[in-house]
Amino acid sequence: MSTNDENFNCRTEEEKSGPAFEKTDEVSSDSEDESVYGAIAGKLNIPDNWPPLAAHPPKKYYFWQINGPGNIDLDGIATQPSVFDDPEKARLHQPTEKYENLHRLDPRERWTWREEIKLVRKIDLRIMVWVAFMFMALQLDRGNISQAVADNMLTDLDFSTNVFNNGNSIFKAVFLVSEVPSQLISKKLGPDRWIPIQMVLWSAVAMSQYGLQSKAGFYITRALLGALEGGFIADVCLYLSYFYTSIELPVRLAYFWAALTLSDICAAFMGFGILHMRGVHGKEGWRWLFLIEGGITMAIGLLSALLMPPSPTKTASWFRGKNGWFTEREEKIIVNRVLRDDPNKGDMHNRQALNFRMLWDSLCDFDLWPIYLIGLVFGMPSSPVGTYLTLTFRGLGFTTLQTTLLVLPQQLLSLVTLLAITYLSQMTNERSYMGILAQLMHLGYMIPLRIFSQTTNRWVRYSIVSLFLASPSTHAIQVGWTSRNSNTVRTRTLSAAMYNMFCQLSGIISSYIYRADDAPLYHRGNSDILGILAMNLVIYAGVKVYYVTRNKRRERIWNAFTEEERRQYLLTTTDKGNKRLDFRFAH
């Protein structure tokens, strides 16, 4: 370790965050944005004996390596180079004066890998774990309809399969159209306020399904659930981006979706017990399922109002403690590492509403539409198979209890494949190729499903269906991909919602792939799925080519500039976010 590093590590906490980091008098007073720039201008003069920046980019390591990768000097400097190291560029990328964490931004801040790894684990524990619980609650109320169907809900209410399809389509359609409005509300109120409100409201609707009697009631509750749950996932993705870098976010999102699988597993065991309440007070088991699981979600929603801090620097409260979760030193590390990774995260307050121009510009960002297209098509093959999974198993002769237990192996395996492909994407920095790999695996299992007959052994059919659904999902990769290619808070706010809207539209379309007159083998539907899988391979390859071509074109223009021309571009350009010539798309 260098002498400078030793000097840094020998400093006390007070010295690391003391007078040397405070604003000096060397602040320009001849510009309109003096108040903003002044917050960091006095911190741009680096002392001669100050530790240098990190000699290498962040090391990628697996979640089981608690202390980080073994080939890294934990006491070495982890601070990554950024635009804030150049006073001229720092002025161009200065956060807005409304940015809630501005007081913790200090371009001179240095920290070690040991500090960073420990802090990221702390963020995981404080933020990510509870977010996972919230997502599990979402899945309880969103997914228990399948268990209710397995408990003969359709027969009890005299509903046909098409009524069930219509209800699912209504849910997904309303879920879809509520995505953007929900994001706009979240951006105005702050996700720490809006998400708990959403959860409490939808849990009340979920509990009301206890009294379902008619098709109209079924359709109304599905619509209300869609309206209130819509935007939740995009809201949470935006919230997590306040705490994590672009490298870390996709893996955290993978755990986010892994919580969905864990929720399904827990729900299977809960459902087994709750559905045996059939006959209690003369009510069917599925009614108790809606009531009890809705109550669990309401409890989590109420706790979320107390456990979700607005930002890394505003964690103090009567419930979270008057000193908050993070020390001043930790707050500085969180803010500086996030802004060094993406300076555009400081261009809005986390409770600042989007105006119409921001909304329109974000919706018209054509460079994100290739990912939206992927969101539309990638989940189509597995959606109908998953929706009809319990009915398929019942049709194979398995009892309700057996069906509940037989879905567990597939759910556990899908959790493993989700994390595996996300880590593979992180290690290789590839996204499109991961999508192609996942679609090829689905294709390999769909071919036998298409040719199976009624005489095929039921355990063979069970195994292939389970392996098909356990094939890896690239959903987490693509949400992180959307965030990475947005490059501004306003675009990131809308792009997460837009991507999820296309995913929901995919669900609406795919709900009509399996039809009642095609049961029980769904040969026609499986033929359609084979065609969709082939199409998806072409789309992923096309998106890869698109982004590579865009990057090469920008690279040619940028390399043709002289150093002075590059400097002038950075000083005078009106290009923003992913439209800047110095921005490169992930692919």
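Each residue, glycine too, has its Cβ placed from N, Cα and C.
In TrEMBL, the transmembrane segment annotation falls on 369-391 of the listed ranges 185-207, 369-391, 461-483.
When the stretches 288-308, 369-391, 403-426, 432-452, 494-514 are ranked by Cβ pairs under 8 Å to the transmembrane segment (529-547), first place goes to 432-452. A Cβ distance under 8 Å defines the sequence-distant neighbours of the transmembrane segment (403-426), meaning residues of its chain 6+ beyond its ends; these are 60, 62, 147, 150, 247, 250-251, 253-255, 257-258, 261-262, 264-265, 268, 271-272, 275, 389-390, 393-394, 434, 437-438, 462, 465-467, 469-477. Taking every listed stretch (224-242, 254-276, 288-308, 369-391, 494-514) in turn, the largest tally of C-beta pairs under 8 A with the transmembrane segment (432-452) is reached by 369-391. Highest Cβ contact count with the transmembrane segment (254-276) among the listed stretches 224-242, 288-308, 369-391, 494-514 falls to 288-308 (criterion: pairs under 8 Å). Beyond the ends of the transmembrane segment (494-514), by six or more residues, the same chain brings 165, 168-169, 172-173, 175-177, 179-180, 182-183, 230-231, 233-234, 237-238, 354, 359, 362-363, 365, 368, 371-373, 375-381, 383-384, 387-388, 475, 478-479, 482-483, 485-486, 522, 525, 528-529 to within a C-beta distance below 8 angstroms of the stretch.
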